[in-house]
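Here is what TrEMBL records for this protein:
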- 1-109: domain 'NADH:ubiquinone oxidoreductase chain 4 N-terminal' (DOMAIN)
- 113-402: domain 'NADH:quinone oxidoreductase/Mrp antiporter transmembrane' (DOMAIN)
- 1-17: signal peptide (SIGNAL)
- 92-110: transmembrane segment (TRANSMEM)
- 116-133: transmembrane segment (TRANSMEM)
- 145-165: transmembrane segment (TRANSMEM)
- 185-205: transmembrane segment (TRANSMEM)
- 225-244: transmembrane segment (TRANSMEM)
- 256-277: transmembrane segment (TRANSMEM)
- 284-303: transmembrane segment (TRANSMEM)
- 309-329: transmembrane segment (TRANSMEM)
- 341-361: transmembrane segment (TRANSMEM)
- 381-414: transmembrane segment (TRANSMEM)
Amino acid sequence: MLKIILPTIMLLPVALLSPPKFLWTNTTSYSLLIASLSLQWLAPTYYPYKNLTQWTGIDQISSPLLVLSCWLLPLMMMASQNHLQHEPMTRKRIFITTLITIQPFIILAFSTTELMLFYISFEATLIPTLILITRWGNQPERLSAGIYLLFYTLISSLPLLVAILHLHTQTGTLHLMLLGLTHPILTTSWTSLLSSLALLMAFMVKAPLYGLHLWLPKAHVEAPIAGSMLLAALLLKLGGYGIMRLTMLMAPISNNLHYPFLTLALWGALMTSSICLRQTDLKSLIAYSSVSHMGLVIAASMIQTHWSFSGAMILMISHGLTSSMLFCLANTNYERTHSRILLLTRGLQPLLPLMATWWLLANLTNMALPPTTNLMAELTIMIALFNWSTFTIILTGLATLLTASYTLFMLLMTQRGVLPTHITSIQNSNTREHLLMTLHILPLLLLILKPELISGIPS
């Protein structure tokens, strides 16, 4: 565990002390090395916990998410190079430092075996994200987006702290392995209902559940590209991971607590997909699509069967890579046309034919076409939900239909149609962007060959 966390922390002096000429080269190549080293966590094992130290340990649920978070650091750096090139050197260093600071916290949050440390690192990821959004965002509205993000997260996670402390006074331990062995202390009384609600609420806001999702489109639209990738690919997964971790401990949850979350999640998948059909802003459209995908994850992890956990796990990983890739593509458009409005960036296919290929691939992955892991995940989740209640097939079926329609709408709006008259000359797509897209789509296409790596089932 330490052999990843320590090199990640040592990235800070690399970013602060590298000569200006080699700043991006050094940090990106070093973080790629860390990412390739972290792939060893995916090795299947019969032990419940791998790499067990006193406070951290990796099991089947956390290892794919850990590898994903290590994998995304170099990609975020590669994506941010262009919009930082005119900034002074100090500011570049501060930006890279912010990106690196968030990394150990995310790794700790995913790998910790102790609930208090989990809470601390879960909250600590908020601060660098806030700095990224409010300092490097594109428009003055970034301040209100930062305030939304801060207060939504804080108001929801203070009850979580109280509930964790309450759990500690009742059981005497917060260690996940020991909590799994003790008798479930949350009985059917009102206090236990409220404490399990408090435990779930913070993750529901982070995931985000429909109705608590209003901070997400704002934060995504205002964030710089690295902030968007970080939010979509990792911080949303913290919510899903927390739900999966804590619902295992609270078993059996009273059914009354299930129903509102399940209905909101599935109805939200439907609603946000239909909101996507009316979006004018490209980044906002991708942000709403992540709300609908994470709705499926919430619904699956609320019914707590093996199938649904496995489907939720695969969907989290594949959605992390897909939405991150879509944000990168939206950003390449934004850097060339300086606009996120779909009407003003139409018909880019004749100008950037290779980028159009990446757009097609990313959109097909987003609408869960075979042979992608997204399809496997959505099918698994739908079967699990259908098995739990046959009525849900109507909601999930409509949600997939709408997903396909808004994805194709996005593809047709950006790539096809008449070129707007204000675009006269446009910068070519470069190798850095193609490498970035390849590193996003390659894991997705390779993982379908061995999906048990990310399925969260002990192999």
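Note that Cβ sites are derived from N, Cα and C of the backbone, with glycine treated the same way.
A Cβ distance under 8 Å defines the sequence-distant neighbours of the transmembrane segment (225-244), meaning residues of its chain 6+ beyond its ends; these are 61-62, 65, 68-69, 72, 75-77, 79-80, 83, 95, 99, 102, 106, 109-110, 118, 122, 125, 129, 132-133, 136-137, 200, 202-208, 216, 219, 283, 286-287, 290, 294, 297-298, 301-302, 309, 312-313, 316, 320-321, 323-324, 327-328, 331, 456.
Segment contact is absent for the transmembrane segment (309-329) and the transmembrane segment (185-205), given fewer than three CB pairs below 8 angstroms at sequence separation of 6 or more. The list of residues near the transmembrane segment (185-205) in space but at least 6 beyond its ends in sequence, with Cβ under 8 angstroms from a Cβ of it, reads 122, 152-153, 156-157, 159-160, 162-164, 166-167, 170-171, 212, 215, 238-240, 242-243, 246-247, 250, 253-254, 256-257, 261, 298. Beyond the transmembrane segment (284-303), the same-chain residues lying 6 or more positions past its ends with a Cβ under 8 Å from any Cβ of the stretch are 204, 207-210, 213, 216-217, 219-221, 232, 236, 239-240, 243-244, 247, 258, 261-262, 265-266, 268-270, 272-273, 275-276, 309, 311-312, 315-316, 319, 323, 326-327, 330, 340, 342, 366, 378, 381, 384-385, 388, 392, 396, 399, 402-403, 406-407, 410. Listed by sequence, the residues of this chain that lie at least six past the ends of the transmembrane segment (381-414) yet keep a Cβ under 8 A from its Cβ atoms are 266-267, 269-270, 273-274, 276-277, 279, 282, 285-286, 289, 292, 295-297, 299-300, 303, 305, 307-308, 311-312, 315, 333, 342-343, 345-346, 348, 359-360, 363-364, 366-368. Averaged across the domain 'NADH:ubiquinone oxidoreductase chain 4 N-terminal' (1-109), the predicted model reaches a pLDDT of 93.
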